[in-house]
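**Q** Have a look at this one.
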Amino acid sequence: MDIATLAFSALYQFGDAFAFLVLSACGLAVIFGMMGVINLAHGEFIMCGAYVTASTAHVGLPLPLAILSGAIVAALVGALVELVVIRHLYDRPLDTIVATWGLSLIATQGTLIMVGSTMAGVGTPFGSFQVGAYSYSIYRLVLFASALGVLGGLYALFNWTRFGVLARATIQVPHMAAALGVDTRLIYSLTFACGAGLAGLAGGLYAPTMTLVPTMGATFIMEAFVTVVIGGADVFLGTAPAGAVLAVVKSGLTSWQGQLFGQIGLLVAVIIVVRILPKGISGFLLRERT
Amino acid sequence: MTRSVLRGLRAVALTGTLVLAAGAAFAADPIKLGVLEDQSGDFAAATIGKVHAIQLATEEINKAGGIAGRPIELVTYDTQSDNTRYQEFMRRVLQRDKVDVVFAGFSSASREAYRPIVDQFNGFAFYNNQYEGGVCDGHMIVTGAVPEQQFSTLIPYMMEKYGKNVYTLAADYNFGQISAEWVRKIVKENGGKMAGEEFIPLGVSQFSQSIQNIQKAKPDFVVTLLVGTAQASYYEQAASANVNLPMASSVNVGQGYEHKRFKPPSLKDMYVTTNYIEEIDSPTSKAFFAKFKAKFPSEPYVNQEAENSYLAVYLYKQMVERAKSTKREDIRKVIAAGDVCMDAPEGKVCIDPKSQHMSHTIYLAKVGADHSISFPKVWEDIKPYWLGDVGCDLTKKDPMAQYTPSNPPPKP
């Protein structure tokens, strides 16, 4: 086996792990990393996106539009959840854990009762390609590109738009932002909905590759929290490098010793990073810059 | 007059109804059957049908007069795919609800979690699920298929048809580990070799690296022993990466009906040994399927474990009626006679007195490119012989243990 094949396979596996970590974590990075709401219902926003994507695709909507509709519905649900529950708990972070955990139980069981124990898949588009002895799924490259796109989009949103500036201002010093005439309630709502929508987008993007069941959100949760905890508060400077570091750890260990070690590696990486960099990678990067 | 007389009359009437009610209850004191199955959580897709099958059999039996004139009363709890829930509810049905028998468990982890509690409280449990085999416990009756029924048939067939290089991809808990040991043993006995093995933690859903490991090992076929809905994502991902290898399994299709859930052709060339699936085209199977669909029209699939659960209720009825008792000791005397058999939807089944496991008709189901099922081969009346051969004999001694090929019963 030649070097180029090996290098490509390592890169592909890295990209695949990176995409999964980043896409699972982006929504949570906004809701937990930025806003500080420990959202245990994150997986259920992902499930919501996946279910909407699959149902609309079954009806005949083209897959990209179906994924988009999944993200939009998840964002709307997020806005509603913020309005009804989360809004009243911003200064009670521990209570949000209980509230969002309850929401996640209701969402999982409600889906099971209303939609049934499984939903038919939609099939992965695009087929495969061959490099050396291995064949790869093209859709996995699409996922990698989507992860990069989402990161770029988030960077632009929070740094270059008026909404992004207001959102950061509101979350850093809410009273000052309010005194300057910002409708902080609206900004909180929109930011939460944005996080929920990103979770829905992740669900929609992974829907064609996975089994669709009410509990599917749980398979994203560990990766999402690990990435956000390692990344720290900044959505772009945290999630992107955390995703990269963890993807190297995960794909390296998995190819060397199998999935179990990949999972162990992720958790050990969290323990080490939290011990050395309590504010995550973004805390470290930002402190160095100032 | 009126008030006191009325009161007296009411008292008489009340006592009368009470006496009558007590009399009726005595004549038809229900037999309590505990049902602990996962109706939510990761395993729910494969196990909700088991609860429905038990309800179907109970309804039929109660309509026909119950067990020896006594109706069956179900005491059902949702164990939520959670082992600690099994332990809680097993204690509850045995201690508080005082059930006569318990039908419990999907995953082998859950069975091993509740089995010591059944032993401790001297309960009586049916495990209506295929599994990795080896449970030699007088408190348990296993109606599911075991490795000598599923692997001793499947693996040699696959090796002859596709080649002798075998790769195992298994769930990383007792079921997957012990089943993989069986595969290893049978592959070696048939002159093949293991191209590789990987164990996947439950709940993992991303398989890119595992797929590449398989391609690197270049096996002739892959034995997939993946459990739970998360792990089922493998098929879609392997198909989209064009792995294109035949697959063999003892758990897929027959439990999780993956061929119905995923878009064709992701399960193309999957071979499964199962004692029942709804596609089996025999009169008894069709009749069972029709009854099931009549009662549960929205049931997505009638799987192997639904049939095991259904026939288990009838087996229990037969044993209680023959023993004229619901006591475990009396029922085991009936089992020891060696002729507890019935005509199940799959065909004739019998309980083996040595291991209290069941003989089965084993169907080799092949999934086609369009996800249709064909049956290239059927093995009739395969006995659960392994435990008896290595020295488990529950008619003589009850070790309440689980054995594996590398950990057989101690020689006397």
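Here the Cβ of each residue, glycine as well, is placed from N, Cα and C on the backbone.
On a predicted model such as this, the values are computed, not experimentally measured, just so you know.
Pasting the feature list from TrEMBL:
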type	residues	note
TRANSMEM	A:17-38	transmembrane segment
TRANSMEM	A:59-81	transmembrane segment
TRANSMEM	A:101-126	transmembrane segment
TRANSMEM	A:138-158	transmembrane segment
TRANSMEM	A:186-208	transmembrane segment
TRANSMEM	A:220-248	transmembrane segment
TRANSMEM	A:260-277	transmembrane segment
**Q** Is the transmembrane segment (A:17-38) in contact with the transmembrane segment (A:186-208), using at least 3 Cβ pairs under 8 Å (sequence separation of 6 or more) as the test?
**A** yes
**Q** Report yes or no: does the transmembrane segment (A:138-158) come within contact of the transmembrane segment (A:17-38), defined as 3 or more CB pairs under 8 Å with a sequence separation of 6 or more?
**A** yes
**Q** Which stretch from A:59-81, A:220-248, A:260-277 shares the most C-beta pairs under 8 Å with the transmembrane segment (A:17-38)?
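**A** Stretch with maximum Cβ contacts: A:220-248.
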